[in-house]
Amino acid sequence: MNILIFGPPGSGKSTQARRITERYGLTYIASGDIIRAEIKARTPLGIEMERYLSRGDLIPDTIVNTLIISKLRRVRENFIMDGYPRTPEQVITLENYLYDHGIKLDVAIDIYITKEESVRRISGRRICSKCGAVYHVEFNPPKVPGKCDICGGELIQRPDDRPEIVEKRYDIYSKNMEPIIKFYQKQGIYVRIDGHGSIDEVWERIRPLLDYIYNQENRR
């Protein structure tokens, strides 16, 4: 089973993608994780990507395509791809690769939330500057404001989590996804999921669909 999952900033797509990975035994390919690993390693590519993200801009397609296709070559089948493709150019690159290697996508899941909800979820996020633990001022606050429960490190807001940057990211995402959504609708594999509510509530909107696809494939 090969899945695409996407959604605006704060939609919870990565949380749901990890649940899907565990339930169906898929390989998790997350563009965000791959990009953050490059940034953390302070590679020349990572430093360049960090500049784009700090401004709320999308990373150029040529860079993202190179990173994702390199990962996909090592996986081939039974994957869930999180956060890719996000532009028409990325769709073309992915579709060409899948066609050349005889790989079929089963479903493209779009977890939708409003811009207001996106800002509320993302701008309240805080990261420990020492250990990387994640908190939220509303949903998961630390015991001591501004301090990590685990190591006592200072909690910071990532530059791309500021409200004005989140709004810009949401607008860019929505604009770029319009043709992508239309493409996968024409392919007959697009499914929009309401991303509002708890993690479990959203999961129960996704699970029956994937159980059906998984069972159908196993009957072949």
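Here the Cβ of each residue, glycine as well, is placed from N, Cα and C on the backbone.
Copied over from Swiss-Prot:
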- G10, S11, G12, K13, S14, T15, R125, V134, Y135, G197: ATP binding site (BINDING)
- R36, D57, L58, I59, G83, Y84, P85, R86, Q90, R158, R169: AMP binding site (BINDING)
- C128, C131, C148, C151: Zn(2+) binding site (BINDING)
- 30-59: region 'NMP' (REGION)
- 124-161: region 'LID' (REGION)
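Taking Cβ-Cβ distances under 8 Å and a sequence gap of 6 or more within the same chain, the neighbours of G10 (ATP binding site) are I113, E117, S118, V119, R120, R121, I122, V166. A simple way to gauge crowding: the CB of Q90 (AMP binding site) has 21 other CB atoms within 10 angstroms, across all the protein chains here. Residue pair S14 (ATP binding site) / C131 (Zn(2+) binding site) shows a Cα separation of 20 Å. When the binding-site residues G12, R125, Y135, C148 are compared by Cα distance to Q90 (AMP binding site), the shortest distance belongs to G12. Residues 53-54, 56, 169 of the same chain sit 6 or more residues outside the region 'LID' (124-161) yet have a Cβ under 8 Å from a Cβ within it. Mapped onto DSSP helix, strand and coil, the region 'NMP' (30-59) counts 21 helix, 1 strand, 8 coil.
Counting only same-chain residues six or more apart in sequence, the Cβ atoms lying under 8 angstroms from the Cβ of C148 (Zn(2+) binding site) belong to C128, K130, C131, A133, Y135, P142, E154, L155. Using a 10 Å Cβ-Cβ cutoff, S14 (ATP binding site) registers 16 neighbours. Between the binding-site residues R36, R125, R169, the minimum number of other C-beta atoms within 10 Å of a residue's C-beta occurs at R36.
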